[in-house]
Amino acid sequence: MIRLEHVSKTFPNSTTPAVDHVTLEVPEGEICVLLGPSGCGKTTTMKMVNRLIEPSSGEIFIGDRNTADYDPVQLRRTIGYVIQQIGLFPNKTIEDNICLVPDVLGWERSKSRARAAELLDMVALDPGTFLKRYPKELSGGQQQRIGVLRAIAADPPVLLMDEPFGAIDPINREIIQDEFLKMQARIKKTIMFVSHDIDEAVKMADRIAIFRDGRLVQYDTPDNILAHPAESFVSDFVGGDRTLKRLQLLTVNDAMQHDPPRVTAEDTLETAAAIMAEHGHQAIVIVGPRGRARGYVQLSVARGGKGKVGENHETLPTTVKPGEDLRTAVSTMFRHDVSWLACIDDEGTFKGYVTLRSITRLLSEAYRDG
Amino acid sequence: MDEQAAVADIRQWWRGGLYILIFSLGAWAWGSGLLPVLLDHWDDITFLGRQHIQLVAISGGLAILIGVPAGVALTRSRFRRYGDVAMQVLNIGATIPTLAVLALSMSLLGIGNTPAIFALFIASLLPIVGNTMAGIRAVPPYLRESARGMGLSPRQILWQVELPNALFVIYAGIRTALAINVGTVPLAFLIGGGGLGELIFSGIALNQFGTMLAGAIPTALLAIVVDFIVTQFQFWTIPRGVNPMR
């Protein structure tokens, strides 16, 4: 846990504070993204946590301990640190770079070297190939992965990341962000992450802290920031398409109609038409004996038709899984020119369906509440 | 890999060419009577050569031992504000001809070994201090920041980050300094410092071409050997990750 209490910083030769009475708490195991335009004080705030910058006033706690009680050098050894330029030492091998903090902490060599190999394995880089290489022999993306590994090598509970993925091309950035989130799900560090990119923040953050001119203007979950910006600065900053950005935070499950009516192949078209009329649906899904989705029948076909559903159904053009985000779902709808999708789980069992209308209703609900 | 092979190829050619050159030089030297003259002066050459090497070793060694730490000190936070001034002084100092440095040294310390060593020391000191400062200043700030952010002490940052990354530039300064040094030692004769200059200047004064060459050729060889030794140090002691030679 990282807790800031009324932390301010005024630099020498300046009258206006760079950071002005910031109070915030990053709960154990969460990622807090400090977000804002350049010069808003987000980086200064982060650097006060490991005392690269000393606060002018206020207190910062890691766990229960006040950071002011530590020797700054000792403090920093207990906090992982990743910067945008990565800062791998070109004179050291990858192995020695990763083992930097374990080495200054005096770990046994065999233990730290084993740790380096284990960490490389974790990001799917072959230890045999990479341990003895030098940073210049690695691609930018590989270097950035090593930068993160180096920060967590001595297993610090807290991690500070200063625009860590900012210098990587967009395609690799996506991959590394996903990788990092997967890793975080396992290692559960308490992370303070500086970014100026709203999309990155929405993707990475459990909570977003938005800064403006040294003040913390809003501190909330990504969905709440997008749905209820506290002031016009926030809504301007998160962008006019903030509602669309929420799509990637919500899952199909949130917008899905659960356990909708269904028919089996043995039912007659009259039955199908009657069920659709009753619920006001334009189509109905056919399921097999174990609940697997087999296809669907349209109302226009069923109405006035004769015979079994099984002889008149069409195959489903595409399906989604309940765990996928709504952005993917909407994109799939547009691609196949449909306004609804059947949701099936990993076993193929029909779980429900999601429609464009149910999605828009879900998104607008948040605004009605507010 | 191809590039390396090509470089190795070129080196092979160089080496071959060099052997041929040395052989024909030797043949010419014997034929023209130069080699017999050199052999005549062999005792002088070894005696004065040893003196020469002593002058280089003492003055150059002192310059390295004092210049590198001085250069490092001028980049530490306590002395950093003097760094720019020091750099200016060094740049101006480097423009003073070495002969003038010798003359000034003689006016301070008289004649003999000591003023010669002092003058050579001063002349070698400048490039070493200058390059040490420049090398450490050229270490990217983000390397220092990440080192500091991970909890390295200033001393650890110096030894593990700044010095290794500045080493190539520091060596370049030492190379320049020693080249100047070896080239200036013959002038030390003028203030009574000894060395191979004695043969060179006597040869010129007495119009004995052979005597002059008996001083000049070993001086030139010494310069090449010293440069070779520093290059080897450069090659083997700079970590591979920051060594442009490997």
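Yeah, the Cβs are placed from backbone N, Cα and C, and that goes for glycine too.
Keep in mind that what you see is a predicted model, and the values were worked out from it rather than measured.
These features come from TrEMBL:
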- B:49-230: domain 'ABC transmembrane type-1' (DOMAIN)
- B:18-39: transmembrane segment (TRANSMEM)
- B:51-74: transmembrane segment (TRANSMEM)
- B:86-111: transmembrane segment (TRANSMEM)
- B:117-136: transmembrane segment (TRANSMEM)
- B:157-174: transmembrane segment (TRANSMEM)
- B:180-201: transmembrane segment (TRANSMEM)
- B:213-236: transmembrane segment (TRANSMEM)
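Where the transmembrane segment (B:51-74) meets the stretches B:18-39, B:117-136, B:157-174, B:180-201, B:213-236, the count of C-beta pairs under 8 angstroms peaks at B:117-136.
If you count C-beta pairs under 8 angstroms between the transmembrane segment (B:213-236) and each of B:18-39, B:86-111, B:117-136, B:157-174, B:180-201, the highest count goes to B:180-201. Same-chain neighbours of the transmembrane segment (B:86-111): 74, 118-119, 122-123, 126-127, 129-130, 133-134, 180, 183-184, 187-188, 190-192, counting only residues six or more beyond its ends whose CB sits under 8 Å from a CB of the stretch.
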